[in-house]
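Asker: Could you have a look at this structure, given as structure tokens, before my questions?
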Amino acid sequence: KKKKKDRHSKVNTLRGPRDRRMRLSVDVAAKFFRLQDLLGFHRPSATLDWLIKTSADAIGDLQRQQEQQQPSRLSSPIGKEEEEEQAAAAAAVEGRRRRRRRRWVGRESRERARERARERTSQK
């Protein structure tokens, strides 16, 4: 049996590659889309960007608080090894993504060419 391919783009984080799509609970989704309508944005990413920029001070405070509570991972040799492994994994994922993107672009351009050809023949 073939393994299912994960066709969705990923975002690299400290915990490794993560799916960029998110599922929201019904309540949170309703609040989010209400805010999006209130702001007048047409894309959810613009609304999230606004939320992150607006809460930048609180995010910075939280980061400083966590840095004070936890010793730096980079000071231990294990932390450096983990970081190197994550960088290697991220490079491998990026290489696969480039190859996949090239195949997709070719397929997409062929589909667009076929569509243009159909339009030309229907006009005649």
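Every residue gets a Cβ built from N, Cα and C, even glycine.
Just lifted these from TrEMBL, have a look:
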COMPBIAS  1-10  compositional bias 'Basic residues'
REGION    1-21  region 'Disordered'
DOMAIN    4-62  domain 'TCP'
COMPBIAS  62-77  compositional bias 'Low complexity'
REGION    62-124  region 'Disordered'
COMPBIAS  105-124  compositional bias 'Basic and acidic residues'
DOMAIN    107-124  domain 'R'
Asker: Given the model, what does the mean pLDDT over the domain 'R' (107-124) come out as?
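Answerer: Mean model confidence (pLDDT) across the domain 'R' (107-124) is 82.
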Asker: Summarise the domain 'TCP' (4-62) by DSSP state, stating how many residues are helix, strand and coil.
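Answerer: Split into helix, strand and coil, the domain 'TCP' (4-62) gives 32 helix, 8 strand, 19 coil.
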Asker: What does DSSP give as the helix, strand and coil breakdown of the compositional bias 'Basic and acidic residues' (105-124)?
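Answerer: Tallying H, G and I as helix, E and B as strand, the rest coil: 19 helix, 0 strand, 1 coil.
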